């Protein structure tokens, strides 16, 4: 009875976060695309945020549909064809969501951090190429991830066909999701490490800047300091949710033997990550925040008009 109540709670959170995530990411993409059409130009940061929002909508839908399918029919998730489709779909969705967020962290670092190092200055002058090359390199990791996963699925499928005693409850089968999680964790740790490095370098840059400012304007906050703090807020938010995401992977890995009880919990974490972080992006971006306030004001006025029409 307690297990059913917990599952209902996770399912309710998933549905709420799924709706919030689609609204938030759809709003981000719509605002930036409309602004792009009006001005006939778009900044690199807005391009990254728009691509991030679209990739997260894809991630939300793929995670939601995979969770829904496996919950309605627990046996279908062990069918080889379903495993291949669901894993490849989720890998692609998660890959672009994570790497676009990582590119955003790199962008903040190159635009705001202040170092006199030649390599840093070279990368800053060519920050557009840095982002493009980062995405191209990430495609290599994506290809390797998919190939490794499909090879593992083929090996598992061949073993299941040769072994007549192989079943969904067997030890060989319960080892399969653990290896899947291990592969996904290995590849998702790469962009996390890059974002963490950008965060640490931003902190070091801010510390050096504050130390320099002590000689000129002790106790005051200049625009550079404010820019550092704003960038750190954005990167910290991403790393915080990413850390929770990794913890959920670890929990799922060590408790994969009782996978039925953890699927909804894991799906909740995966869906919450792109939903809440996108809401933070809206609040921290002046253009998106202003557009969201205008939409809320319009909805408030509409609701007042409806109330006045109702006798």
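Note: Cβ is positioned from N, Cα and C throughout, glycine not excepted.
Look at residue 87 (N-linked glycosylation site): DSSP puts it in a helix. Every protein chain considered, the tally of other Cβ atoms within 10 Å of the Cβ of residue 87 (N-linked glycosylation site) stands at 20. Taken from Swiss-Prot, the feature N-linked glycosylation site applies to 87 (among others), supported by sequence analysis.
What Swiss-Prot lists as N-linked glycosylation site is 163 (among others), and the listing cites sequence analysis.
Annotation source Swiss-Prot lists N-linked glycosylation site at 172 (among others).
The topological domain 'Extracellular' annotation in Swiss-Prot covers 1-9 (among others).
Note: the topological domain 'Cytoplasmic' (33-47) comprises 11 helix, 0 strand, 4 coil (DSSP; helix = H, G, I, strand = E, B). According to Swiss-Prot, the feature topological domain 'Cytoplasmic' maps to 33-47 (among others), an assignment based on sequence analysis.
Under the heading topological domain 'Extracellular', Swiss-Prot lists 69-89 (among others), citing sequence analysis as support.
According to Swiss-Prot, the topological domain 'Cytoplasmic' annotation covers 111-129 (among others).
What Swiss-Prot lists as topological domain 'Extracellular' is 151-186 (among others), and the listing cites sequence analysis. Averaged across the topological domain 'Extracellular' (151-186), pLDDT for the predicted model comes to 67.
According to Swiss-Prot, the topological domain 'Cytoplasmic' annotation covers 208-230 (among others).
Annotation comment: Swiss-Prot describes 252-262 (among others) as topological domain 'Extracellular'.
What Swiss-Prot lists as topological domain 'Cytoplasmic' is 284-311 (among others), and the listing cites sequence analysis.
If you look up Swiss-Prot, you'll see 10-32 (among others) marked as transmembrane segment.
Annotation comment: Swiss-Prot describes 48-68 (among others) as transmembrane segment, evidence class sequence analysis. Long-range Cβ contacts of the transmembrane segment (48-68) within its own chain (Cβ-Cβ under 8 Å, at least 6 residues beyond either end) map to 14, 18, 21-22, 24-26, 28-29, 32-33, 36, 42, 86, 89-90, 92-94, 96-97, 100-101, 103-104, 107, 131, 263-264, 267, 270-271, 274-275, 278, 281, 285.
Under the heading transmembrane segment, Swiss-Prot lists 90-110 (among others). Residues 44-45, 48-49, 51-52, 55-56, 58-59, 62-63, 66, 120, 123-124, 127, 130-131, 134-135, 138, 141-142, 145-146, 149, 184, 187-188, 191-192, 194-195, 198-199, 201-202, 231, 234-235, 238, 242, 270, 274, 277 of the same chain lie 6 or more positions beyond the ends of the transmembrane segment (90-110) yet place their CB under 8 Å from a CB of it.
Taken from Swiss-Prot, the feature transmembrane segment applies to 130-150 (among others). Nonlocal intrachain contacts for the transmembrane segment (130-150), taken as residues 6+ away from its ends with a CB within less than 8 angstroms of a stretch CB, comprise 44, 48, 84, 87-88, 91-92, 95, 99, 102-103, 106-107, 110, 123, 180, 183-184, 187, 190-191, 194.
The transmembrane segment annotation in Swiss-Prot covers 187-207 (among others) and is backed by sequence analysis.
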For the transmembrane segment (10-32), which partner among 187-207, 231-251, 263-283 gives the most CB pairs under 8 Å?
263-283
Distant-in-sequence neighbours of the topological domain 'Cytoplasmic' (33-47), which means Cβ under 8 A and at least six residues beyond its ends:
104, 107, 127-128, 131, 287
